[in-house]
Every structure is written in C-alpha cells, then in structure tokens.
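Notes for the one structure printed next.
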C-alpha cells in the first residue's frame with residue numbers, strides 16, 4: 001500500500017494537437033481536482049461599490065486559489081510555443097476558452113468539419129486483411145469525432161454501419177446477427193464480441209493443400225466402368241443389376257448373337273480394344289503444381305531499418321538507370337560493394353503502385369533492400385505492431401504491409417514495373433492531321449481560318465493534306481446533301497429559333513447526361529447547346545434559354561420551329577408559348593428523311609459526326 005511519502009502525483013495530460021481527445025481527458029482531470037467549476041464559470045467577482053462580508057471574502061479567495069491551481073495545470077499541459085500565444089490570459093477560464101476557439105473552431109468551422117467526417121463515415125468499409133479490432137477502432141474514432149463536433153449520432157447507426165460494411169467473409173455471421181438479434185438494442189461491445197469470436201474461428205481453421213491422384217481398381221485387374229453401362233463391376237454401383245435378367249433375348253453388340261452381353265462375349269478382340277480405351281479414359285491424374293517459388297524470389301524486398309539507402313541488384317527493375325552515378329556501400333562485415341547506378345523503381349504491391357526513388361544499383365547484391373529510414377524521410381509513417389509492419393502515406397493511407405516471418409524478418413512481395421504503361425500513345429508526322437484531330441475533326445478550311453485570324457495560340461501554318469480523313473468519312477457521311485439555302489430567312493435575331501433534341505447518346509457523360517438540346521437562331525446562326533439527363537427537362541431549359549437571350553439582346557423571342565416530339569407538343573409547352581406570344585412552327589411528320597429539317601439536322605449531324613470521329 002502506498003504511503004504519503006511514496007504517493008505518485010497523477011500526470012497532467014499533455015496537449016499533442018488532438019484537441020477533442022485532450023479536452024475530454026483534461027476536463028476529467030480538472031473535475032477530479034475539483035477545479036472545473038472555476039474553469040467553466042470563472043471566478044465570481046463582486047459588483048462595483050458592494051462590500052463583501054468575511055464569508056464572501058473567504059469564498060472569493062478560495063476561488064482565486066483554485067483558479068491559480070487550474071491555470072498552473074493548464075500551463076503544464078501546453079508546450080512553450082502554445083503558451084507564448086496565450087501568455088496574456090489572466091484566468092483559467094480565458095485560457096480554456098481561447099484553446100477551445102482556436103482548435104475547435106466556430107460553429108461554421110465545426111459544421112464544415114462535421115460534413116467531412118460524415119463523408120468519411122459513410123464511405124468507410126472494412127479492408128481485406130484488416131482485423132475486426134482495427135476496423136471497429138477506425139469507425140469508432142470517426143463516430144467520436146462526429147459527436148465531439150455536435151452530431152447526434154446514435155449507437156444503432158454505428159452498429160448498422162459496421163454490419164453493412166464488413167468484408168464478404170463475414171456475410172453469414174452478419175445475416176445471423178441481423179436475424180437473431182434486434183440491432184436497435186444491440187450495443188457496439190456486444191457486436192464486437194460476436195465478430196471477434198467469428199474471426200477467431202476463421203484463424204483457427206487450417207487449410208491444407210494436397211495433390212490429388214485418382215485411381216480406380218477392380219477385381220482381378222479387370223477393366224473399369226462408370227457403373228451405368230458395361231463393366232458394371234468395379235464401378236459406382238448406380239446401374240441396375242443384371243444377375244436376374246433373362247438373357248435369352250439379349251443381343252451382344254460385339255458378335256451380334258443372343259444369350260449374353262457384350263462384356264461377356266468370348267470374342268474379346270473388339271471387347272479388349274474397347275476396354276483398353278475405357279481404361280485409358282478412366283485413369284486420371286489430378287495434380288496441382290505451381291512453379292512460382294523461383295519467380296517470387298526475384299520479387300522479394302527486405303524491409304531493413306539498418307540500411308542507409310534502398311539497394312537493388314537487378315538492373316532490369318529500374319525505370320531509367322543513371323549509370324553515371326557511382327558510389328560504394330560499406331556492409332556490416334566491413335566489406336565494400338560498388339554502386340554502379342541510381343534511379344527510381346516502380347513496385348506493384350497488392351495492386352497499389354508506388355515509386356521508390358533514389359534506389360542504388362549494386363550488382364553484387366543478392367537480395368533487394370528497402371531502407372525504412374529513407375522511407376521515413378519521404379514523409380511516410382511506419383508502424384510495427386502485433387507482428388506486422390505497416391507503411392502509411394500521409395494522403396493515400398496504408399500502401400504497404402508485411403507480416404513478420406518465422407525468422408523475425410519483414411519481407412515484402414512486390415512486382416517490379418520497370419516501364420510505365422503507355423495508354424493511347426499515338427505518333428503522327430502530319431501536322432495538319434494532328435491539329436485536325438485535336439479540334440474534334442474540324443474541317444481544314446476552318447483550321448486555316450483559325451490560324452489566319454490568330455484565334456488559337458501555337459497553331460502552325462500548314463497546307464491541307466491530299467488524302468481525306470478516314471474517320472471523318474465514316475463518322476460524318478450521310479445520304480443526301482442539305483439544301484444550300486431555304487426559301488425564307490429571318491430578318492433579325494430571335495425572329496425564328498430552331499430547336500431540336502437528339503439522343504439518347506451512349507455512353508452517358510460523367511454527369512449522366514444523355515441528350516443534347518440545341519437552339520439555333522435563324523438570322524445569326526448562333527448556336528446554344530444544353531445537356532439533358534431526360535427529355536422531360538426540355539421545357540425547363542427552354543424557359544431558362546428564353547429569359548437569357550431576351551435579357552441579353554433586349555428583344556423578345558417571336559418564333560420557334562420544332563419537330564412534333566412529345567417534349568415540344570405538351571399542353572404545358574403550348575400554353576407557355578401562347579401566353580408569351582411565341583409563334584409555333586411544327587415540321588411536317590410526312591417527311592422521314594433528314595434533309596427536310598436542314599438547320600437542326602445539319603447541326604446534329606456535325607455534333608454526332610465529331611463525336612464518332614473522336
């Protein structure tokens with residue numbers, strides 16, 4: 001039992017940058033010391049002109065003493081760099097409020113931080129190789145941060161989140177929990193206990209691999225059958241027994257005589273040939289053999305904390321080896337190895353590609369070494385825990401993981417990717433063709449106009465090629481040419497606007513847009529293109545377009561020419577045009593070819609043709 005002289009004072013919790021965690025521990029510490037009242041409410045002071053009694057003066061002095069002690073504990077918990085920013089605070093309450101506002105933020109900052117935490121909580125899922133304790137700890141850390149920022153997160157929401165985000169190997173235990181227990185009454189501790197029991201059972205299961213060899217033997221070394229047809233003895237026994245069958249009417253398929261079966265025939269030449277064939281077919285050898293041991297050796301990397309630099313003995317692993325670099329490395333036995341180059345290596349570790357920079361090429365080295373010190377210099381975090389070495393990237397999270405081997409070494413199996421893959425690499429010597437493709441297969445005359453008027457920086461001067469673009473011929477060809485001019489043209493802008501919708505386009509865009517709504521002014525030929533997810537959005541976009549162009553030009557829209565699609569002939573669309581004085585023109589439905597809707601179809605063909613050519 002500890003005496004008064006040997007009693008150890010509790011350690012003041014140090015502030016390590018995680019305010020919510022430190023706030024909870026520090027508040028509990030101050031409550032245990034009975035100082036939290038003065039930290040939360042401050043020291044009560046008398047109003048000006050009021051004389052305090054002796055009891056009130058004593059209470060005031062006690063509060064001031066508690067405030068000084070609480071202030072002393074807060075000073076012990078903070079580093080010097082933080083103390084210099086709050087040195088002018090006189091009371092423990094002012095210090096506490098300053099820390100709270102500085103690190104916890106205002107209501108707006110809390111709300112923004114809470115949104116980020118909610119997104120992280122919703123997208124969290126259990127990773128392959130992650131234990132139940134690790135995953136639950138990660139989810140609980142996020143949920144506790146959400147509660148600290150004001151989110152009323154119920155325990156049942158956390159339980160349901162954990163159940164629906166487990167890996168597939170936990171599917172049946174999740175189903176059994178949901179069927180047998182009420183998740184609204186299930187606590188997180190009970191859920192963790194059930195999952196840990198299931199995980200422990202999986203770890204105790206030992207999977208052994210065997211080479212399988214199937215052989216079949218029969219009595220008297222006879223031929224082997226499948227049990228339903230001939231050679232019934234020695235088979236599976238699933239066919240009917242022939243011992244009680246009257247053979248008087250049975251015909252032999254070998255000698256074609258009555259009284260016996262084919263397998264009983266004494267003229268066994270054909271029978272022997274068939275039995276040999278059957279025997280050859282029935283003897284099977286099922287064997288699994290993987291010749292990857294030698295290949296894995298070439299991909300082994302040792303995580304070495306005593307190695308000062310990454311080293312590799314295979315020059316084919318490097319992306320572009322700098323052979324001008326030379327150095328020497330001193331080993332633990334005082335021997336030296338020559339470094340003949342230095343460059344980067346691309347490693348694929350379980351599908352995650354990482355670039356290891358500054359790797360020395362040491363031809364005499366038999367094993368590849370990854371320096372943990374050099375990885376830490378690059379900003380990576382390295383954690384050794386429970387027989388595992390985990391390497392974390394500050395932005396990407398866990399990128400590498402290695403289990404401790406039987407000889408207490410950490411070995412990383414990775415695939416070397418010496419050359420970065422090239423996706424859609426194209427080379428062309430024709431400058432005109434290159435710029436033609438860059439601008440969505442724009443005509444060469446249009447490219448020349450852009451170059452002459454200086455509308456594109458860096459566009460060179462070139463002559464149109466003699467050969468035609470095959471992609472343009474395949475993507476833009478049509479049946480008949482459009483008329484050069486129509487019989488009537490608008491005399492001013494917004495007198496007539498052509499409208500058409502085309503689609504659905506496959507595949508859809510990244511924003512799930514599948515239709516193009518195009519507006520073309522008949523007078524100026526100015527074109528507006530809108531992207532729609534559904535045809536039903538055409539009326540809403542038309543109202544927005546009408547308001548936009550009328551305000552921009554101080555003129556009203558007078559005429560609208562469309563086809564007879566349902567999106568343009570609805571009662572809602574007609575009533576709107578009638579109310580705002582927009583004259584409707586509908587194309588005739590008897591013309592089925594594209595040449596009768598010249599303006600819009602020409603624009604649509606150009607857009608689709610450019611898309612197909614690209």
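Glycine is no exception: its Cβ is also placed from the backbone N, Cα and C atoms.
Automated prediction, rather than curation, is the source of TrEMBL annotations.
Over in TrEMBL, the protein carries these features:
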DOMAIN    252-267  domain 'CCHC-type'
DOMAIN    479-583  domain 'Integrase catalytic'
REGION    215-242  region 'Disordered'
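DSSP states for the domain 'CCHC-type' (252-267), grouped as helix (H, G, I), strand (E, B) and coil, give 3 helix, 1 strand, 12 coil. As a summary of secondary structure, the domain 'Integrase catalytic' (479-583) carries 28 helix, 24 strand, 53 coil according to DSSP. Model confidence over the domain 'Integrase catalytic' (479-583) is summarised by a mean pLDDT of 87.
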